[in-house]
Structure formats: C-alpha cells, structure tokens
Amino acid sequence: MAASVVKTPKCPRRGSAKEQQSKASPKSNNESNNWHWWILLASVFLITFATRFYKVTEPDHICWDETHFGKMGSWYINRTFFFDVHPPLGKMLIGLSGYLTGYNGTFPFEKPGDKYNETAYQGMRYFCTTLGALIMPMGFDTVYDLTRSHEAALLSAAYLIFDVGLLTLNQYILLDPILLFFMMGSVWGMVKISKATASGGSYSVRWWFWLFLTGTMLSCTISVKFVGLFVVLLVGLHTATELWLILGDLGQPIVETLKQIACRAIALILWPILLYTLFFYIHLSVLNRSGNGDGFYSSAFQSRLIGNSLYNASMPRDVAYGSVVTIKNHKTGGGYLHSHFHLYPKGSGARQQQITTYTHKDDNNKWVIKPHNKQRLPKDKLQLLRHGDLVRLEHLVTKRNLHSHSEPAPMTKKHLQVTGYGESGVGDANDVWRVLIVGGKVNETVHTVTSRLMLIHYLQNCALTSSGKQLPKWGFEQQEVSCNLNVRDKYAHWNVEDNEHKLLPSVSFSVYAPGFFARFLESHAVMLQGNAGLKPKEGEVTSRPWQWPINYRGQFFSGSSYRIYLLGNPVIWWSNLVFLALFVAVFLGNAILEQRRAGQARALVRSQADSEDSEPSTTDVPLCTCCPEEQQLLSRPREEHRDPLGAAAWLFVGWLLHYLPFWAMGRVLYFHHYFPALIFNSLLTGVMFHHIIQSLPRWIQHVLLGGLLSLIVYSFALFSPLAYGMSGPLANEPNSTMHSLKWLSTWEF
C-alpha cells in the first residue's frame, strides 16, 4: 500500500512592498539611521547642557540640603569623622570635586540662605550638574536600543530634559544627581548587555565591557544611597530572565548557561561587592579625625578616631566609687546618659529635671558613682564597683541624682519616668540603682568599655533604658530615657566609656580598637538604624507617596527673595500618568490576545495530531513550511530591543520598584524621593508613544511627535522660573507674574 501523502499547508507571505525595499538595501538604511542617531544625540547633549548650566551658580547662597552635603564634603577635605544615614560615595565625590576645584573645606554651610561670598562652591555645583546632565543622553540611547526608534528615544530624552523638577534637582550640591546618574547608567548597561547577548556577542570585549560597567554602576548607585538597591533588584530580575531564556534555548548546550551564570556572577555580584567594600575602606581611612558624629558609634569604634578621648586612651580599666564616668547605651547608635537644668514640662510626668540620651560629647554626660548609703567616701579610700552593687549616680554639673518613680514616661507610657532629683547629691530612696554586669558573676569588677551593664531600679524593679523615641522641642529632640518594667529590654544595656579616678592606675585601650570589617559592619548597623528612625522636624514640610505622581505639592529650595521651587513640569508629569495607564491597558489586552492565540495554536496542533492518528503517515511534515507563524503562536521573540511592549514592561517594573516600596516606609519622606521612578516613567512614555503610533503613516507620526514636543517645550518655557529663580509677589497674589501658573492650590511658589 502506498504511503499517504500529507499536503503541507501553505501560508501567505506577509510584508509590504516597502518592507521588501528596506530589506533590499539594508546598508543605506543603516547609514541613514546612524547619521540620524548621531545628529539627535548631539542635539540632546547640547540642549541638556545648555538648560542645566544656565544660571548654575545662582543663587549664590546655600539652597536646601546643600547645607548638609556641602558640609559633609568639607569634612572629607578636613578628614573629620561624621555620621550620616547614607553610604559614603556621593559625599566623597562632592568633597573630591570641591578639593580639585579650589575649595579648602572651611565654609561652615550652617543654614539655607547663607551667602557663599568668596567660597569656591562653583566646582561642586558644576560636578553635580554634569552628572545630572549625562542622564539624558544615556536615557536617549537606552530607549533607542530598546525600540530602534528615533522618535521614541527623542521623546523620552525630551521628557527628561524639559522637566523643571529634574532640572532643579540637577543644579545643586546634592546626592540626587549623583544617584540618578549611576542608576541610569545601570539601566543603560543592562540594555547594552541584553543587546550584545542577543546579537551573538557573548564573551566579546564589548560584552565584557558592558558587563563590568553595569556592575560598577550598580555598586556606585547603592554606595550613594541605599535606595540604589531598587535598581540592583531590577538588573537582577532582568539578568535572571535572560539566563532562563538561554537555558530554554535547545540550540545551546547546558554548559553555555553555566558559563553565562558564572560570568554574570563575577561582573554583577562579586565585582560590585568588592567595589562597595573598597568605597567604605576609603571612607573610613580618610575620616580618621574625631568629629561631632562620634557618639553614634560604639566606644571601641571611637578609639580609632584621632582626637577622640578614647584614641590611644590611657584611663583606669576598673571602675570604682568616686569615678567620674560617661555611660553610653550599648545599642547600635546609642547615645550617652545625659541631663541638663531643664525640667519636664507639665503633662509629661513630674516636673523634675530631664534625663535623656545625647549622641554628642558634652560635660552634661558626666556622672559620679556614689555608694547608696553614704554621701562621700574618704578621699584616700579606694573601693571598686562590682556586680550587684547598689549605687547612686550624681550628675556632675547639676548635682542631681538619677531617679525614677511610678509616674509614666513622657513618650513611652508603659515605662516609668526617669528624672534628675535632689540637691547637691542629696535625694531619696528612689535614687538607688543596682549595677548588674550582663552575664556577670558575684564580686566581678566592672570594667571600662568592655563590661555590658544594666541599671535596675531598687524600689521599682525596672531597667534603665533608652527607648529610641525622640523627644519634642522641649527635650531638644534628644532621645527619651525611661525605666522599663520588662528588665529583659534589649535597649537596657550600657557601658562605661570615659572613666576618671585619681587613685586608679591607667592602662592603654588601644587593644580594644576594632579592625576594618568590624567598623564596616557597625557603620551599616548605625546607618540603617538612623535611616529607619528619621522623623520630620517640627514645622517641616513632608509628603506621602500618593502625592508624588500627580505633582500634588512641591518643595522650596530657596525661600528668600530669590525663590527656587522644586516642582515637576505638570504637562510632562500628567501625560506620563496617561501613558502609564495606556501601558497597563495595552499590556493586559495583549496578554489576553496572546492567550487566545495560544489556545488556537494548541487546538490546531491537537487537530493535526488527531488527523495523523486516523490516517497514518510515514512522512513527518512541519505544520507550515513557508512561514513559522503558527509555530510562533507558541514561541514568540522576547528580545526587548525588537519588542517595544516587552521593553515597556521592564521600564514599568523599574517604575514599580522605585515607587511602591515607599508606601511601606515609616521614615520621613520628601517629594524628591519620586524622581528615580519619574525617569523610568519618562522612558516608558517614549516607548509607548512609539508602540501606539508605529502603524500610522509616517507624516502623521511626525505631526503627533512634533505637536507633543512643542507642547512640552512651551510648558518648560512657562515653568522654567521655578528652577531658574523667581522674585516678586508669590503666585497666590493677582499681580504676580506666576499667578496664572498656579494650577493647583497646593503649589506654593
């Protein structure tokens, strides 16, 4: 019996005459595209630098957070140690740029509005502005690689260039332009790696260059601010997806996947970790002199700082009655037990002297250890302090005793209030505390620095603790001290830091100085705790994440007669939201359509299989020999630079990662925290614009692009005084030149 012949279904070839023509002359098209690309890139560079460097040295006074980061740059130049909640790279670069451009580190940067006068501040502004300006060319090239569309790349770059908010953030001595530069560089490198891999360029010099550049950018981003973790997550997810697709490529051996994993682990994990550690090594090596941030760190950490009382310290190892000591809370970032002449206000417990913790060195941190049942010891008698002893602690300056009673604490109402009580060291039975060494034994001597102590109130049986809560203005925003009836409170541990006693022999404490990795870990613990504990200052304008995408309220950078106001270009921000919504709608619609097509393809395969079962054939025939369209229903190309919707999806993920986490943060938040997410939204807008109009005739595409570009340039011209400076009446006054631009009542310019 003759074998039956199965006819191969023919598929109509698709493609317009225009497409056939473009395939016939790819070289001329590529040359034309290259020229267009270079012309557009040069235009982006010129317009970006022109808008960013215009009036970059104005105003000639401190604006907003320049008071912090300019001051920290000065401390790097002077090698003075300080505490900050952010990693060090951004501030080191600010200090380096100032040093290289003639700034000597002596300007105090006390408060916004202070005139720079003859200070060479310009170099630091130029540096930050240059990095901020480089974001736009990188954004242009990133979108072009994702879409191969000049229109999409140009529109995305224009959305970044003509946003007055991003312009304002780029022109000052701040961490934000540095952070945004490295973040954009990470995304740029991520796309370049994907492009090189897809074109078969794995393991080439170019591929390795982009791999290590991306790892460098990732390390630098998180070394400026911890929010750099969000772009690390984005690149990590993208890399994992690429590796998964490589694993699924049956044309490649499994060894290829393992090689790709190893290469990316080296360049995107190990290399960034090494760089990050190196930045901290430089930071801790440069800042080797004692400063006002010493008290946030442990006593052992401080012993490495030149000028600190513990540096090469020689003091008594043992603690004795009559010792004048400072007592530091042992938790990460803990302060010194402190008092001053001010009383607790009415409604905050007994109106007795305040007891707080304070993170700076001060004579008000000093206490005298006395026996619980005697006022004074004979001057020539030495009695060591031991585990389990009952003592009174007299404040050296105010002569009041550390005291607690059954009144509730001012902030933590479940705790008892701790006060300073008595006169000239004479008080009552509520001044008595039992000293316990954590893990101590009977008659064990209390040692300076190394002994971890608890102070248990004799009558109330509560533990002296630092709750970590910040007191209001009446407490000078210092930390609350209370007495916790739960004596297992982890914040109830203390140590003696400074110890003075003329009868005790002194020993060197250099043996307790920690090495680099111990200080590296402690620095992170202190930074993370400080970041989580950031609270708004009284009268300070803060914001919540829901306000940011809608441009609800801005933020003053300079509130003098020369006003600078951080606010997004409303045309750009609100149209960004429109394109964000369009992406979600188109993506969901496309997903539904893809699922329906996949179902049709599976049904077609089952039908073919049933036909073969009923009529056996000796010939295996593909579903379609002239085109793979039915097969592509099950397997479609996933290369972002050929799939605008796939590219937009990754930019949307970037927007989500840089926006949604702020909803869960309890710390104080500000409007400028949204700008990393804004960059992703602006890139997404360009990609979606291209995706929506690409099927239209070219002349209509050009009209739409020209109209949108004209609109955002015009809106930039209207709102540019917000960035370049305003004077005269505020916008809420009818005679103000900005009156007609106050589109929302919450805008305060």
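Yeah, the Cβs are placed from backbone N, Cα and C, and that goes for glycine too.
Note that the structure is predicted; figures quoted are calculated from it, not measured.
Of the residues Asn30, Asn117, Swiss-Prot records the annotation N-linked glycosylation site for Asn117. Check Swiss-Prot against the ranges 1-30, 331-360, 361-390 and you find region 'Disordered' recorded for 1-30. Remote same-chain partners of the transmembrane segment (173-193), defined as residues 6 or more beyond its termini with a Cβ less than 8 Å from a stretch Cβ, comprise 64-66, 69-70, 73, 86, 89-91, 93-94, 121, 124-125, 128-129, 131-132, 134-135, 138-139, 141-142, 145-146, 207, 210-211, 213-214, 217-218, 220-221, 224-225, 227-228, 231-232, 234-235, 238-239, 640-641, 654, 672, 675-676, 679.
Here the CA atom of Asn78 (N-linked glycosylation site) lies 8 Å from the CA atom of Asn104 (N-linked glycosylation site).
Contact check: the transmembrane segment (572-592) against the transmembrane segment (126-146) gives fewer than three Cβ pairs closer than 8 Å, residues 6 or more apart, which falls short of the contact criterion. Long-range Cβ contacts of the transmembrane segment (204-224) within its own chain (Cβ-Cβ under 8 Å, at least 6 residues beyond either end) map to 86-90, 175, 178-179, 182-183, 185-186, 188-190, 192-193, 196-197, 231-232, 235, 263-264, 267-269, 271-273, 275-276, 279.
Rounded to a whole value, the Cα-Cα separation of Asn443 (N-linked glycosylation site) and Asn312 (N-linked glycosylation site) is 29 Å. Neighbour density for Asn117 (N-linked glycosylation site): within 10 A of its CB lie 9 other CB atoms from the protein chains shown.
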